[in-house]
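First comes the structure, then the notes that go with it.
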């Protein structure tokens, strides 16, 4: 979602701030801005356009300085407008602005604080909760910005990551985090803040990941961190190699297309040359944990939730362990019955998804002790919070609509299935060898499906004029149908729904007409004949079927039946393979419709607020 960059240096940091914002554009935003200390004054430029336009405006305004902050905003409180864009200034009365501040998150008690600050003379120029923090810091300021921020955050309820600097202390930037990510970048006589280490790629590779409750004081030659209790703490610096090429398109039209075609590499890297199935793939002590548990509780949001639904089919059928899958944002508010013997599994691309983190903490508060995360970021809060972890190696995903993160999550969850089965004595050596062979061939199988792109592009031309679509799947392919429908609605803005094919007669069939494309996933599995009957129900009502069928499924093109043949049936891993054509269909449909594929309206990449 929102992005933060800040710096204190002995050189002009304007290019660093702007470049950092460009690297954070993938998170989604509707406005942006930068503020700097210049010649004894606070100066800023804000825009509701793209960062490229902001950069041009900054050059026109001749902004430059050695201390500053920058921000990309995804609107929560207040409409997307320049006056709501960050950074926000604070001054009392007619005084010159003294405080500049940017903020990610949601302050739940902002109305109460706003009224209090208005009562002592502060005038608000925006609708945001962020301006409340700026005025609060200014109100508490008595010559020491670090102390003022510590006092201010004690008054805040909700989630936040903030960066702030003061006109009266020009060589200092202060940051704080609670429930929203913030990192420190270390330099030589210069230091940096960002909401994502990617923003600092090419500037520094020495990164400190702040913990919840931390407040950090950045000066030229010093970084000082205190925890929630105000006690000075040391946080380990990590050497982080972020490849700037991840933020470059190369020969591709969009990042989503690039990331779709990176999936053979991403899945191969996630498998990391695994020679055998062992619980220790998920961390030290995993064998003991896997022996103790009697069930799994999977917590996730969005696309990651669909990965969890797929894993439920695998784990219950192969490892024979009961699995519950919960939408994280619902689970934490439901009066559920906890099972202390369950393994809580969280799934998150970023490892910072606010709802999933909150659900994880809620599960632990109910006495559920064993936790595992499947995550793409090794240094994320999710990994730090969990007992066990499997790090996918998808690489940085820029497009808002998840592609390679999803397939690598599925790959990791299948490995988890096999490790659980082995621990329970339900995986023979022959079965292990067979599954490992299939996994090693998976990148090539994905590559073969990517070769179907020209055929899928022809379908996209037909889909582009539609306003509704239906996706059907059965068994372990039903979650893949859900994911396909989500992708289409996310980036093409076509309303799409997914159903188990067996549920057609229980309502969705009423929607089927010649104007409703029906996308069907038709692998050659035990449910194929049942699925064929469901497809005939659609044809009988004049519906147009678009079928991804395995080569030997004996489903042929006919009137009202359009078929693309998948290269091969891939057994238990078929859901991963069948994901790929649905991604391509959504992508090319969106291209024909002319939408902003990488930055769809109203959506953000990393959802770090509840």
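Using N, Cα and C of the backbone, Cβ positions are placed for all residues, glycine too.
Swiss-Prot lists 2-221 with the feature domain 'Glutamine amidotransferase type-2'. Residues or ranges marked as active site, nucleophile in Swiss-Prot (evidence: sequence analysis): 2. For 286-426, the entry in Swiss-Prot reads domain 'SIS 1'. Here Swiss-Prot flags 459-600 as domain 'SIS 2'. As annotated by Swiss-Prot, active site, for Fru-6P isomerization activity applies to 605, with the evidence given as sequence analysis.
Break the domain 'SIS 2' (459-600) down by DSSP state and the numbers are 69 helix, 32 strand, 41 coil. Within 10 Å of the C-beta of residue 2 (active site, nucleophile) we count 29 further C-beta atoms, all protein chains included.
Summarising model confidence by region, the domain 'Glutamine amidotransferase type-2' (2-221) averages a pLDDT of 92. Residues in the domain 'SIS 1' (286-426) partition by DSSP class (helix H, G, I; strand E, B; coil) as 66 helix, 28 strand, 47 coil. According to DSSP, the residue listed as 'active site, nucleophile' sits in a coil region rather than a helix or strand.
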